[in-house]
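What follows is a short report on a single structure.
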Amino acid sequence: MALLRLDVADVRNIESASLSPGEGLNLLFGANGSGKTSLLEAIYLLSRGKSFRSSQPHRIIRFDQPFLTVAGRIGQPGGGTTVGLRLGRNAKEVRVGGRHCDSSAHLIRLFPAVLTQPASVALLDGPPRLRRQMLDWGVFHVEQEYLDLLRRFSRALDQRNTALRTDASRSNLEAWSGEVARWGTMIAEARSAYVERIRGQFAKISSALLGPLDAELVVRQGWRTGWSYAEALAASVAMDRRRGYTEPGPHKGDFTVLIGGRPAKDFFSRGQLKLLTYALLLAQACRLEEDQPGRACLLVDDIASELDPRNQEKLLSLLKSTGIQSFITFSGNDLGWVTAGHTARMFHVEHGRILADE
Ligand SMILES: Nc1ncnc2c1ncn2[C@@H]1O[C@H](COP(=O)(O)OP(=O)(O)OP(=O)(O)O)[C@@H](O)[C@H]1O
């Protein structure tokens, strides 16, 4: 499976563009401000139903236009499923196989793309919310019911918080605590199981990019180690009442990357953190590719940012070796060293227009 065809209209400075990507490496190159990231953003929109740069549609839609559209064909050459997204200022329409869908989950399921961009390093040194999102995206592709589980937990948590803040009866609070414990335990278990699934890939890829190192992923479930979630909730009732919300739980879950027992974010250089971030995200993509061959897609924005030429070359070789369809943006026109030894489909982006370099 791959993105076989892409049609973009009115995404940032791209008025109208179409391309037929290759199944391996696709390099998008051009001057600063030409529209490379906008093209990547269009592919991401097709994969998630939302942008990675802004949650406000009017910023992504080309100036003075009412909506944007991105359409594509996903699958094996000669076949495939059509997917489409039309995004207006206040409305979103998703279509898969010609049928209207009521949520973006259908796109996410069909076309799972992993994005790495300069800001992705926040996965290591930014807020835990980003790491939870990363894990949840991964679990979503392993467990069909996971989205439902997250919704159940969130509803139960809201109810428990309301019970904490009002004069709800003890039995009411206990009932909602029971629900929170039930769904929350399942979420934490699913996340831990997922980390186990990517651990091996992460160790392998991080060593390939950074040389031999003792890298470890340590998960925090969001409550005291050694306790069940129900025990942690029971122990925190008095404090939670005072706070007015539930403190322990998977909504506080997190993971850390340790190198030789120390958190990488505390002592790794910016470039090293960046390579480690690539290792994490590539591990996700490779895991998905192993579980569902041909399904994953990689979007790499600004591969040259903060990496020296040797590491850029290493990363490119690694991306190629995964066999996963990749879209990589690269500023400039002199791609001699990038393409040496690599077969890639090249797209020259110029003032929002895309020209295939055969
Ligand atoms: N809503 C919009 N409508 C029209 N043009 C826009 C809109 N938003 C941004 N732009 C313009 O689109 C152009 C392309 O931006 P993009 O981020 O895709 O460039 P890029 O090729 O990735 O550049 P760089 O190499 O500098 O990162 C920029 O000139 C930007 O000002």
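From the backbone N, Cα and C atoms, a Cβ is placed for every residue, glycine too.
The domain 'RecF/RecN/SMC N-terminal' annotation in TrEMBL covers 3-329.
Taken from TrEMBL, the feature ATP binding site covers Gly30, Ala31, Asn32, Gly33, Ser34, Gly35, Lys36, Thr37.
Counting Cβ atoms from all protein chains shown, Ala31 (ATP binding site) has 14 others lying within 10 Å of its own Cβ.
Of the chain residues outside the ATP site list Gly30, Ala31, Asn32, Gly33, Ser34, Gly35, Lys36, Thr37, Ser38, Thr329, Ser331, Val349 have their Cβ within 8 Å of the site's Cβ mean position. Annotation note: Thr37 (ATP binding site) sits in a helical segment as assigned by DSSP. For the binding-site residues shown (Gly30, Gly33, Gly35), fewest C-beta neighbours within 10 angstroms: Gly33.
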